[in-house]
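Q: Okay, these came from Swiss-Prot:
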TOPO_DOM  1-25  topological domain 'Extracellular'
CARBOHYD  ASN5  N-linked glycosylation site
TRANSMEM  26-46  transmembrane segment
TOPO_DOM  47-54  topological domain 'Cytoplasmic'
TRANSMEM  55-75  transmembrane segment
TOPO_DOM  76-99  topological domain 'Extracellular'
DISULFID  CYS97-CYS189  disulfide bond
TRANSMEM  100-120  transmembrane segment
TOPO_DOM  121-139  topological domain 'Cytoplasmic'
TRANSMEM  140-160  transmembrane segment
TOPO_DOM  161-197  topological domain 'Extracellular'
TRANSMEM  198-217  transmembrane segment
TOPO_DOM  218-237  topological domain 'Cytoplasmic'
TRANSMEM  238-258  transmembrane segment
TOPO_DOM  259-271  topological domain 'Extracellular'
TRANSMEM  272-292  transmembrane segment
TOPO_DOM  293-312  topological domain 'Cytoplasmic'
Amino acid sequence: MEAENLTELSKFLLLGLSDDPELQPVLFGLFLSMYLVTVLGNLLIILAVSSDSHLHTPMYFFLSNLSFVDICFISTTVPKMLVSIQARSKDISYMGCLTQVYFLMMFAGMDTFLLAVMAYDRFVAICHPLHYTVIMNPCLCGLLVLASWFIIFWFSLVHILLMKRLTFSTGTEIPHFFCEPAQVLKVACSNTLLNNIVLYVATALLGVFPVAGILFSYSQIVSSLMGMSSTKGKYKAFSTCGSHLCVVSLFYGTGLGVYLSSAVTHSSQSSSTASVMYAMVTPMLNPFIYSLRNKDVKGALERLLSRADSCP
(Lines of atoms letter the chains of each structure in order from A; the text may use other names.)
(Lines give C-alpha, C1' and ligand atoms only; values in the text may rest on other atoms or scores of the structure.)
Protein backbone atom coordinates (compact mmCIF):
# COMPACT_ATOMS: atom_id res chain seq x y z
CA MET A 1 0.00 0.00 0.00
CA GLU A 2 1.42 3.39 -0.98
CA ALA A 3 2.60 5.52 1.96
CA GLU A 4 1.03 8.93 2.29
CA ASN A 5 0.86 11.68 4.87
CA LEU A 6 -2.19 11.19 7.03
CA THR A 7 -4.76 13.97 7.03
CA GLU A 8 -7.53 14.67 9.50
CA LEU A 9 -9.72 12.29 7.45
CA SER A 10 -7.25 9.41 7.77
CA LYS A 11 -7.44 6.80 10.45
CA PHE A 12 -5.72 3.96 12.24
CA LEU A 13 -7.28 0.63 13.12
CA LEU A 14 -6.92 -0.42 16.76
CA LEU A 15 -7.09 -4.21 16.79
CA GLY A 16 -8.06 -4.33 20.47
CA LEU A 17 -7.75 -7.26 22.85
CA SER A 18 -9.89 -9.84 21.04
CA ASP A 19 -11.78 -10.35 17.78
CA ASP A 20 -14.19 -12.84 19.35
CA PRO A 21 -17.72 -11.31 19.10
CA GLU A 22 -18.89 -13.28 22.13
CA LEU A 23 -16.19 -11.68 24.29
CA GLN A 24 -17.10 -8.08 23.41
CA PRO A 25 -20.01 -7.71 25.91
CA VAL A 26 -17.84 -9.26 28.62
CA LEU A 27 -14.96 -6.89 27.88
CA PHE A 28 -17.33 -3.92 27.75
CA GLY A 29 -18.87 -4.74 31.14
CA LEU A 30 -15.50 -5.49 32.73
CA PHE A 31 -13.75 -2.34 31.53
CA LEU A 32 -16.74 -0.10 32.22
CA SER A 33 -16.85 -1.41 35.80
CA MET A 34 -13.11 -0.90 36.25
CA TYR A 35 -13.33 2.62 34.83
CA LEU A 36 -16.21 3.64 37.11
CA VAL A 37 -14.50 2.16 40.18
CA THR A 38 -11.27 3.98 39.31
CA VAL A 39 -12.92 7.37 38.79
CA LEU A 40 -15.13 7.06 41.88
CA GLY A 41 -12.30 5.83 44.12
CA ASN A 42 -9.87 8.55 43.09
CA LEU A 43 -12.57 11.24 43.28
CA LEU A 44 -13.30 10.17 46.86
CA ILE A 45 -9.60 10.54 47.72
CA ILE A 46 -9.54 14.05 46.21
CA LEU A 47 -12.75 15.07 48.01
CA ALA A 48 -11.55 13.62 51.32
CA VAL A 49 -8.22 15.47 51.15
CA SER A 50 -9.75 18.78 50.06
CA SER A 51 -12.60 18.73 52.60
CA ASP A 52 -10.70 17.56 55.70
CA SER A 53 -8.33 20.05 57.33
CA HIS A 54 -6.43 17.19 58.99
CA LEU A 55 -5.24 16.10 55.55
CA HIS A 56 -3.98 19.50 54.42
CA THR A 57 -0.38 18.31 54.54
CA PRO A 58 2.26 17.81 51.82
CA MET A 59 1.81 14.02 51.76
CA TYR A 60 -1.92 14.23 51.06
CA PHE A 61 -1.47 17.16 48.68
CA PHE A 62 0.70 14.91 46.52
CA LEU A 63 -1.75 12.02 46.98
CA SER A 64 -4.66 14.11 45.70
CA ASN A 65 -2.56 15.12 42.69
CA LEU A 66 -1.76 11.45 42.04
CA SER A 67 -5.47 10.61 42.18
CA PHE A 68 -6.23 13.39 39.69
CA VAL A 69 -3.53 12.13 37.31
CA ASP A 70 -4.81 8.55 37.60
CA ILE A 71 -8.32 9.69 36.61
CA CYS A 72 -6.89 11.53 33.61
CA PHE A 73 -4.63 8.60 32.69
CA ILE A 74 -7.39 6.00 32.54
CA SER A 75 -9.77 8.48 30.87
CA THR A 76 -7.31 8.83 28.00
CA THR A 77 -7.83 5.26 26.81
CA VAL A 78 -10.86 3.52 28.31
CA PRO A 79 -13.76 5.72 27.09
CA LYS A 80 -12.56 5.42 23.49
CA MET A 81 -12.18 1.66 23.89
CA LEU A 82 -15.71 1.36 25.33
CA VAL A 83 -17.16 3.38 22.45
CA SER A 84 -15.28 1.20 19.95
CA ILE A 85 -16.59 -2.02 21.53
CA GLN A 86 -20.16 -0.72 21.65
CA ALA A 87 -20.05 0.63 18.07
CA ARG A 88 -18.12 -2.42 16.83
CA SER A 89 -15.64 -0.08 15.18
CA LYS A 90 -11.85 -0.23 15.39
CA ASP A 91 -11.28 3.18 13.80
CA ILE A 92 -9.42 6.01 15.48
CA SER A 93 -8.62 9.21 13.62
CA TYR A 94 -5.06 10.34 13.04
CA MET A 95 -5.46 13.38 15.30
CA GLY A 96 -7.30 11.26 17.85
CA CYS A 97 -4.38 8.84 17.95
CA LEU A 98 -1.80 11.62 18.33
CA THR A 99 -3.89 13.21 21.08
CA GLN A 100 -4.03 9.87 22.89
CA VAL A 101 -0.25 9.42 22.59
CA TYR A 102 0.35 12.94 23.92
CA PHE A 103 -1.82 12.58 26.99
CA LEU A 104 -0.63 9.03 27.68
CA MET A 105 2.97 10.25 27.81
CA MET A 106 2.00 13.24 29.92
CA PHE A 107 -0.02 11.41 32.57
CA ALA A 108 2.26 8.34 32.74
CA GLY A 109 5.21 10.71 33.18
CA MET A 110 3.39 12.64 35.89
CA ASP A 111 2.74 9.37 37.73
CA THR A 112 6.48 8.64 37.85
CA PHE A 113 7.37 12.17 38.96
CA LEU A 114 4.71 12.27 41.67
CA LEU A 115 5.78 8.89 43.05
CA ALA A 116 9.35 10.21 43.27
CA VAL A 117 8.20 13.44 44.94
CA MET A 118 6.14 11.44 47.45
CA ALA A 119 9.21 9.33 48.27
CA TYR A 120 11.19 12.53 48.88
CA ASP A 121 8.39 13.77 51.15
CA ARG A 122 8.63 10.57 53.24
CA PHE A 123 12.43 10.92 53.33
CA VAL A 124 12.19 14.44 54.77
CA ALA A 125 9.45 13.43 57.24
CA ILE A 126 11.43 10.49 58.65
CA CYS A 127 15.03 11.66 58.34
CA HIS A 128 14.49 15.36 59.13
CA PRO A 129 11.30 15.46 61.23
CA LEU A 130 12.21 18.68 63.07
CA HIS A 131 12.67 20.57 59.81
CA TYR A 132 9.82 18.90 57.91
CA THR A 133 7.39 21.83 57.94
CA VAL A 134 10.17 24.24 57.00
CA ILE A 135 11.50 22.14 54.10
CA MET A 136 8.17 20.86 52.75
CA ASN A 137 6.47 24.25 52.78
CA PRO A 138 3.47 24.96 50.53
CA CYS A 139 5.64 26.94 48.11
CA LEU A 140 8.04 24.01 47.55
CA CYS A 141 5.20 21.49 47.24
CA GLY A 142 3.47 23.58 44.59
CA LEU A 143 6.77 24.19 42.81
CA LEU A 144 7.57 20.46 42.66
CA VAL A 145 4.20 19.68 41.07
CA LEU A 146 4.35 22.61 38.63
CA ALA A 147 7.92 21.74 37.61
CA SER A 148 6.83 18.15 36.94
CA TRP A 149 3.96 19.32 34.74
CA PHE A 150 6.27 21.73 32.89
CA ILE A 151 8.89 19.08 32.10
CA ILE A 152 6.32 16.48 31.05
CA PHE A 153 4.43 18.99 28.91
CA TRP A 154 7.48 19.86 26.82
CA PHE A 155 8.76 16.30 26.42
CA SER A 156 5.32 15.11 25.31
CA LEU A 157 4.94 18.06 22.94
CA VAL A 158 8.34 17.49 21.31
CA HIS A 159 7.52 13.81 20.81
CA ILE A 160 4.17 14.61 19.18
CA LEU A 161 5.65 17.28 16.89
CA LEU A 162 8.25 14.77 15.70
CA MET A 163 5.57 12.13 15.22
CA LYS A 164 3.56 14.50 13.01
CA ARG A 165 6.45 14.45 10.53
CA LEU A 166 6.12 10.70 9.99
CA THR A 167 4.25 9.06 7.14
CA PHE A 168 1.88 6.11 7.46
CA SER A 169 -0.14 3.90 5.17
CA THR A 170 -3.85 4.65 5.10
CA GLY A 171 -5.76 2.30 7.39
CA THR A 172 -2.64 1.15 9.25
CA GLU A 173 -3.38 -1.47 11.90
CA ILE A 174 -2.08 -0.97 15.45
CA PRO A 175 -2.01 -4.27 17.40
CA HIS A 176 -3.19 -2.69 20.65
CA PHE A 177 -6.34 -1.36 22.32
CA PHE A 178 -4.94 2.18 22.44
CA CYS A 179 -2.31 4.22 20.60
CA GLU A 180 0.72 3.05 22.56
CA PRO A 181 3.67 5.27 21.45
CA ALA A 182 6.11 2.46 20.63
CA GLN A 183 3.46 0.56 18.63
CA VAL A 184 2.62 3.67 16.60
CA LEU A 185 6.29 4.19 15.74
CA LYS A 186 6.58 0.55 14.60
CA VAL A 187 3.93 1.00 11.91
CA ALA A 188 5.39 4.23 10.49
CA CYS A 189 6.64 4.12 6.89
CA SER A 190 9.30 6.81 7.28
CA ASN A 191 12.53 6.87 9.30
CA THR A 192 11.81 6.89 13.05
CA LEU A 193 15.40 7.16 14.33
CA LEU A 194 14.95 10.64 15.79
CA ASN A 195 11.60 9.68 17.31
CA ASN A 196 13.12 6.60 18.94
CA ILE A 197 15.99 8.67 20.36
CA VAL A 198 13.53 11.14 21.89
CA LEU A 199 11.44 8.23 23.20
CA TYR A 200 14.49 6.61 24.83
CA VAL A 201 15.53 9.94 26.38
CA ALA A 202 12.00 10.42 27.67
CA THR A 203 12.00 6.88 29.07
CA ALA A 204 15.27 7.60 30.88
CA LEU A 205 13.91 10.86 32.25
CA LEU A 206 10.51 9.48 33.22
CA GLY A 207 11.77 6.10 34.40
CA VAL A 208 15.40 5.99 35.45
CA PHE A 209 15.66 9.32 37.27
CA PRO A 210 12.43 8.98 39.28
CA VAL A 211 13.35 5.39 40.22
CA ALA A 212 16.81 6.57 41.27
CA GLY A 213 15.19 9.27 43.40
CA ILE A 214 12.86 6.74 45.01
CA LEU A 215 15.71 4.30 45.73
CA PHE A 216 17.85 7.07 47.21
CA SER A 217 15.01 8.30 49.43
CA TYR A 218 14.25 4.83 50.76
CA SER A 219 17.92 3.97 51.26
CA GLN A 220 18.17 7.03 53.50
CA ILE A 221 14.94 6.08 55.27
CA VAL A 222 16.18 2.53 55.95
CA SER A 223 19.51 3.90 57.18
CA SER A 224 17.69 6.27 59.52
CA LEU A 225 15.41 3.52 60.83
CA MET A 226 18.38 1.26 61.54
CA GLY A 227 19.65 3.84 64.00
CA MET A 228 16.25 4.23 65.66
CA SER A 229 15.91 2.50 69.02
CA SER A 230 12.14 2.84 69.44
CA THR A 231 10.17 -0.08 68.01
CA LYS A 232 7.04 2.07 68.01
CA GLY A 233 8.84 4.75 66.01
CA LYS A 234 10.02 2.19 63.46
CA TYR A 235 6.51 0.79 63.07
CA LYS A 236 5.02 4.25 62.60
CA ALA A 237 7.65 5.11 59.99
CA PHE A 238 7.09 1.85 58.09
CA SER A 239 3.31 2.34 58.20
CA THR A 240 3.59 5.79 56.60
CA CYS A 241 5.75 4.34 53.82
CA GLY A 242 3.85 1.09 53.31
CA SER A 243 1.10 2.43 51.06
CA HIS A 244 3.55 4.36 48.91
CA LEU A 245 5.81 1.33 48.52
CA CYS A 246 2.84 -0.80 47.45
CA VAL A 247 1.83 1.75 44.80
CA VAL A 248 5.43 2.09 43.55
CA SER A 249 5.83 -1.69 43.35
CA LEU A 250 2.51 -2.06 41.52
CA PHE A 251 3.22 0.75 39.04
CA TYR A 252 6.77 -0.22 38.13
CA GLY A 253 6.11 -3.95 38.48
CA THR A 254 3.28 -3.89 35.92
CA GLY A 255 5.31 -1.62 33.63
CA LEU A 256 8.26 -4.01 33.80
CA GLY A 257 5.91 -6.92 33.21
CA VAL A 258 4.64 -5.33 29.99
CA TYR A 259 8.20 -4.71 28.81
CA LEU A 260 9.33 -8.27 29.56
CA SER A 261 6.18 -9.71 28.00
CA SER A 262 6.80 -7.90 24.72
CA ALA A 263 10.55 -8.64 24.78
CA VAL A 264 10.22 -12.37 25.49
CA THR A 265 7.16 -13.39 23.48
CA HIS A 266 7.27 -10.79 20.67
CA SER A 267 3.49 -11.18 20.64
CA SER A 268 1.45 -8.01 20.24
CA GLN A 269 -1.58 -9.77 21.73
CA SER A 270 0.21 -10.71 24.96
CA SER A 271 1.76 -7.24 25.17
CA SER A 272 -1.61 -5.50 24.86
CA THR A 273 -3.15 -7.86 27.40
CA ALA A 274 -0.33 -7.15 29.85
CA SER A 275 -0.82 -3.41 29.25
CA VAL A 276 -4.24 -3.68 30.90
CA MET A 277 -2.39 -4.05 34.21
CA TYR A 278 -0.62 -0.69 34.19
CA ALA A 279 -3.21 1.19 32.09
CA MET A 280 -6.27 0.14 34.10
CA VAL A 281 -5.58 -2.06 37.13
CA THR A 282 -2.94 0.19 38.74
CA PRO A 283 -5.06 3.40 38.72
CA MET A 284 -8.00 1.37 40.03
CA LEU A 285 -6.11 -0.15 42.98
CA ASN A 286 -4.29 3.00 44.14
CA PRO A 287 -7.25 4.47 46.11
CA PHE A 288 -7.86 1.14 47.85
CA ILE A 289 -4.20 0.81 48.82
CA TYR A 290 -4.11 4.28 50.36
CA SER A 291 -7.52 4.09 52.04
CA LEU A 292 -7.25 0.56 53.43
CA ARG A 293 -3.76 1.05 54.91
CA ASN A 294 -4.14 4.64 56.10
CA LYS A 295 -6.20 5.51 59.18
CA ASP A 296 -6.22 9.24 58.36
CA VAL A 297 -7.67 8.68 54.89
CA LYS A 298 -10.17 6.12 56.20
CA GLY A 299 -11.28 8.58 58.87
CA ALA A 300 -11.61 11.41 56.37
CA LEU A 301 -13.64 9.21 54.00
CA GLU A 302 -15.95 8.17 56.85
CA ARG A 303 -16.50 11.82 57.84
CA LEU A 304 -17.10 12.76 54.20
CA LEU A 305 -19.65 9.98 53.69
CA SER A 306 -21.38 10.74 57.01
CA ARG A 307 -21.76 14.40 55.99
CA ALA A 308 -23.20 13.26 52.66
CA ASP A 309 -25.70 10.99 54.45
CA SER A 310 -26.77 13.80 56.80
CA CYS A 311 -27.55 16.16 53.91
CA PRO A 312 -31.33 16.39 53.27
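In case you wondered, yes, glycine gets a Cβ from its N, Cα and C as well.
Here the structure is a predicted model, which means the values were calculated and not measured.
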Q: Of the listed stretches (26-46, 55-75, 100-120, 238-258), which one yields the highest count of Cβ-Cβ distances below 8 Å with the transmembrane segment (140-160)?
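A: By Cβ pairs under 8 Å, 100-120 leads among 26-46, 55-75, 100-120, 238-258.
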Q: What is the total of other Cβ atoms whose distance to the Cβ of CYS97 (disulfide bond) is within 10 Å?
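A: By my count, 23.
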Q: Work out the three-state DSSP category of CYS97 (disulfide bond).
A: helix
Q: Same chain only, please: residues at least 6 beyond the ends of the transmembrane segment (198-217) with a C-beta under 8 Å from a C-beta of the stretch. Say none if there are none.
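A: Sequence-remote neighbours of the transmembrane segment (198-217) are 105, 108-109, 112-113, 115-116, 119-120, 122-123, 151-152, 155, 158-159, 162, 181-182, 185, 248, 252, 255.
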Q: Tell me whether CYS189 (disulfide bond) sits in a helix, a strand or coil according to DSSP.
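A: In three-state terms, CYS189 (disulfide bond) counts as coil.
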Q: Report, as numbers and ranges, which residues of the same chain sit near the transmembrane segment (26-46): CB under 8 Å and 6 or more residues beyond its ends.
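A: Distant Cβ neighbours of the transmembrane segment (26-46) are 17-18, 63-64, 67-68, 70-71, 74-75, 78-79, 81-82, 85-86, 280-281, 283-284, 286-288, 290-291, 297, 301, 304.
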Q: Would you kindly list the residues that approach the topological domain 'Extracellular' (76-99) from elsewhere in its chain, counting only those six or more residues past its ends and only Cβ-Cβ distances under 8 Å?
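A: Non-local partners: 6-16, 24, 27-28, 31-32, 34-35, 107, 160, 163-164, 168, 174, 177-179, 184, 279-280.
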Q: Other than its close neighbours in sequence, what residues sit by the topological domain 'Cytoplasmic' (218-237), given a CB gap under 8 Å and a spacing of at least six beyond its ends?
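A: Sequence-remote neighbours of the topological domain 'Cytoplasmic' (218-237) are 119, 122-123, 126-127, 245.
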Q: Restricting to the same chain and to residues at least six past its boundaries, which positions have a Cβ under 8 Å from a Cβ of the topological domain 'Cytoplasmic' (121-139)?
A: 58-59, 62, 216-218, 220-221, 224-225, 237, 240-241, 244
